[in-house]
Structures are given as C-alpha cells and as structure tokens.
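A.B. asks: Right, I'll just put the structure down here and ask away after.
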Amino acid sequence: MATPMENENPNFARTATSFRNFVSKDPDSQFPAESGRYHLYISYACPWASRCLAILKLKGLDKAISFSSVQPLWRNTKENDEHMGWVFPDSDTEVLGAERDHINGAKSVRELYDIASSNYTGKYTVPVLWDKKLKTIVNNESSEILRMFNTEFNHVAENPSLDLYPPNLRAIIDETNEWIHDGINNGVYKCGFATNQETYDVEVKRLYEALDRCEDILRKQRFLCGNTLTESDIRLFVTVIRFDEAYAVIFKCDKRLVREYYHLFNYTKDIYQIAGMSSTVKMDHIKQNYYGSFPSINPLEIIAHGPNIDYSLPHDRHRFSLESDYTRLELFESASFVCELKLIEIFDSL
Ligand SMILES: N[C@@H](CCC(=O)N[C@@H](CS)C(=O)NCC(=O)O)C(=O)O
C-alpha cells in the first residue's frame with residue numbers, strides 16, 4: 001500500500017502509487033491491449049490525469065479507450081465521513097465536461113478503489129486506468145499510463161507512428177522528465193503548500209531555475225528534447241497551461257508569469273494548438289478545483305478572475321526545422337514564415 005515517498009520538503013510529501021500493473025500488446029498477458037476494454041478516469045483539473053488524456057488524444061485512441069471526468073470540486077466521498085475527494089456528478093448535464101460513472105455506477109473515485117481492493121489505505125487519486133473486463137484498477141500512476149498509451153495500443157491507434165518516447169531520445173527524455181518533475185510539475189505544489197517562509201523561498205528558487213532553464217532551451221529549439229515533440233513536452237505543458245490562471249495566484253508562483261517568458265509562452269501556445277490538445281484543457285474545471293478544493297490555502301474559495309489567456313492566438317514556433325513527421329500544413333507554414341523573414345531581410349537591406 002501507499003508509503004511516504006522521499007521528498008526534501010516535509011510539508012509536501014507525495015505518496016507512492018499503488019496499482020502498478022501494465023497493459024501489454026501481448027494478447028496472452030493479464031491485461032492485453034484490447035479495444036473497448038479499458039476506461040481512463042480523469043479530472044480535467046488534474047495535471048497528472050490530463051497528461052494521460054493528452055497522449056490518448058495524440059495517439060488517436062479515443063475509439064479504443066473510453067474516458068470520463070469527475071466534477072472539479074472535491075466533496076465528501078462517503079456519508080458520515082470527513083474525507084473529501086473526487087466525486088461524479090449526479091447527472092451528465094449538471095457540470096459541463098463531467099459525467100456520471102457509466103461503468104461502475106460509483107459516486108466517487110474512492111468507490112472505484114474500494115471495488116478494486118478491499119484493503120486499500122492510500123489516496124483516492126486520478127488518473128485511474130480501469131479494466132472493464134476484470135473490474136479492477138490496472139494502474140493509477142500517470143507516468144506509466146503515458147508509456148502504455150504510447151506503445152501498447154498501436155494496433156488500434158489512429159496515429160500509431162507517433163512515438164513520444166523514441167529509443168534514440170530516451171536518455172534525454174528521462175533526464176528532462178526528472179528536473180521538470182522536481183522543479184516544475186511538483187515544484188508548483190511545493191511552493192503552494194509550503195508552511196513557512198524558508199521552505200517557500202527554497203522552492204520558488206528551484207521552480208524559477210527550472211523555468212529559466214526551459215526558456216533557454218526553447219530559445220534554441222522547438223521542443224524540450226530537440227525539434228521533435230516528446231513525452232517531456234506533454235509533461236511540461238500540463239503545468240505551464242495552468243500556471244498563469246491558477247498557480248501564479250493560488251500557489252504564490254508570481255515571480256514571473258509564463259506569459260512573460262517569450263519562448264515558453266509561444267511554446268505553450270504551439271502545444272495547445274496541436275490537434276486534440278485544446279480539448280484536454282478545461283480552464284473552468286482547473287480554476288474551480290484549485291481555488292475551491294484546498295481550504296488550507298484558500299479558505300474562502302474565492303476564484304480569481306483573470307487572466308483568461310487565449311492560447312489559440314498565433315505563435316512563432318514554426319520557425320524551427322522539423323524532424324518529426326508533422327503535418328504538411330505545418331511544414332508549409334514553417335516555410336512561409338522563413339520566406340517572410342527573408343523578405344524582411346531583403347527590404348531591410350534596401
Ligand atoms: N502519482 C499520481 C499522482 C496523481 C495525483 O496526485 N492526483 C491528484 C489530483 S491532481 C489526486 O487525485 N488527489 C486526490 C487526493 O489527494 O486525495 C500520478 O501521477 O498519477
């Protein structure tokens with residue numbers, strides 16, 4: 001069961017994830033990658049769950065793996081019990097984007113864990129990858145769900161050739177994931193839940209060193225590990241897309257906003273505009289959850305108004321050469337951007 005994880009900040013310790021089985025393309029495995037068999041439970045508010053949904057969308061697995069979101073506000077998960085957590089709405093129309101649990105009829109994510117294990121004592125987290133056939137949780141660790149979606153379902157994926165963890169980039173992806181996780185993905189939480197000034201100061205410093213490092217990398221190349229989109233980009237994206245709208249205020253990450261980083265901001269728009277990605281971002285769920293579910297840091301649950309950034313506005317990232325099998329349209333756009341730059345150079349020299 002869940003054990004405390006090593007963490008330098010004792011005020012914010014994550015717990016290890018408990019269900020760690022793997023779906024495999026091997027048809028004889030315990031959890032074979034069959035179309036229609038698995039369901040991904042998410043919250044649109046949660047970055048860890050959203051990164052799984054993002055890979056599901058990018059790989060074109062919508063028809064093979066069903067998914068649904070809980071409602072954004074934490075509620076009591078059981079009568080006469082203090083525990084607050086993810087719950088499903090009572091109807092499909094009550095909360096836009098959230099659905100009743102059509103698979104198990106559960107009222108809360110906690111109930112799913114109870115169905116899967118009678119002696120579970122850990123947290124009731126999303127994402128949950130559910131096996132409809134064996135009626136159990138396969139895995140609740142997003143970093144592993146990402147990998148399964150990337151490689152194991154290719155025979156039923158609409159975009160099987162997309163590899164977000166290609167063998168030639170694995171070393172750099174692993175290294176990048178590590179500092180992005182510590183400094184940024186988890187870093188914002190460590191700032192937000194710091195309970196004294198010293199801890200907060202240390203965590204903010206670490207966060208901004210990592211963001212500055214991203215800006216330096218993205219000045220020179222389109223994505224974190226080169227000019228190919230990888231898993232590391234999706235892992236960074238889910239945090240930077242929430243940054244200005246939620247973390248800057250609720251977690252006191254206001255030293256510099258993402259939209260004040262020229263390259264990082266353009267990069268965020270670039271990724272948001274990849275087909276399928278914008279559907280994984282529901283800012284109303286994000287804001288309601290972060291401002292409304294953590295009474296220790298926002299007891300009055302008032303939701304900050306701004307800044308309502310439009311991530312669909314143009315960006316400048318097409319100027320980088322593309323190594324990946326991106327669409328012809330993108331190649332064309334990138335070529336026309338280079339032409340524009342050449343024309344500007346010519347006019348400037350006249
Ligand atoms: N290790 C997990 C962490 C997931 C996680 O922390 N999810 C949060 C939401 S953002 C959650 O469900 N928390 C519920 C709780 O703490 O009770 C993963 O990456 O999959």
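Glycine is treated like the rest: Cβ placed from N, Cα and C.
Copied straight from TrEMBL:
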ACT_SITE  Cys46  active site, nucleophile
ACT_SITE  Tyr189  active site, proton donor/acceptor
BINDING   Trp86, Lys123, Tyr124, Thr125, Val126, Glu141, Ser142  glutathione binding site
DOMAIN    166-293  domain 'GST C-terminal'
SITE      Tyr247  site 'Lowers pKa of active site Cys'
SITE      Tyr290  site 'Lowers pKa of active site Cys'
A.B. asks: Measuring Cα to Cα, how many Å separate Trp86 (glutathione binding site) from Tyr189 (active site, proton donor/acceptor)?
C.D. replies: 18
A.B. asks: Given that the record lists Trp86, Lys123, Tyr124, Thr125, Val126, Glu141, Ser142 as binding glutathione, what is the largest C-alpha to C-alpha distance among them, in Å?
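C.D. replies: If we measure all Cα pairs in Trp86, Lys123, Tyr124, Thr125, Val126, Glu141, Ser142, the largest is 17 Å.
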A.B. asks: Provide, as an integer number of angstrom, the distance between the C-alpha atoms of Ser142 (glutathione binding site) and the residue listed as 'active site, proton donor/acceptor'.
C.D. replies: 17
A.B. asks: Closest to Lys123 (glutathione binding site): which of the recorded positions Cys46, Tyr189, Tyr247, Tyr290, going by Cα position?
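C.D. replies: So, spelling it out, the nearest of the recorded positions is Cys46.
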A.B. asks: I'd like to know which of the recorded positions listed (Thr125, Tyr189, Tyr247, Tyr290) lie near ligand 1, counting only a CB under 6 Å away.
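C.D. replies: Cβ < 6 Å from ligand 1, in sequence order: Thr125.
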A.B. asks: How many whole Å apart are the CA atoms of Tyr124 (glutathione binding site) and Cys46 (active site, nucleophile)?
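C.D. replies: Per the Cα atoms, Tyr124 (glutathione binding site) and Cys46 (active site, nucleophile) stand 13 Å apart.
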A.B. asks: State the Cα to Cα distance, in Å, between the residue listed as 'active site, nucleophile' and Val126 (glutathione binding site), rounded to an integer.
C.D. replies: 8
A.B. asks: Using a 10 Å cut-off between Cα atoms, which of these binding-site residues sit near Tyr247 (site 'Lowers pKa of active site Cys'): Thr125, Val126, Glu141?
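C.D. replies: The binding-site residues passing the 10 Å Cα test: none.
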A.B. asks: If you count Cβ atoms within 10 Å of the Cβ of Cys46 (active site, nucleophile), leaving out that atom itself, what do you get?
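C.D. replies: There are 24 of them.
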A.B. asks: So how many other Cβ atoms are close to Trp86 (glutathione binding site), meaning within 10 Å of its Cβ?
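C.D. replies: A 10 Å sphere around the Cβ of Trp86 (glutathione binding site) contains 29 other Cβ atoms.
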A.B. asks: Which is it, of Tyr124, Thr125: the one of these binding-site residues whose Cβ has the most other Cβ atoms within 10 Å?
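C.D. replies: The most densely surrounded of these binding-site residues is Thr125.
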A.B. asks: If you measure from the Cα of the residue listed as 'active site, proton donor/acceptor', which of the recorded positions Thr125, Val126, Glu141, Tyr290 is the nearest?
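C.D. replies: Going through Thr125, Val126, Glu141, Tyr290 one by one, the Cα closest to that of the residue listed as 'active site, proton donor/acceptor' is Tyr290.
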A.B. asks: What does the DSSP secondary structure composition of the domain 'GST C-terminal' (166-293) look like, as residue counts for helix, strand and coil?
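C.D. replies: Output for the domain 'GST C-terminal' (166-293) reads 96 helix, 2 strand, 30 coil.
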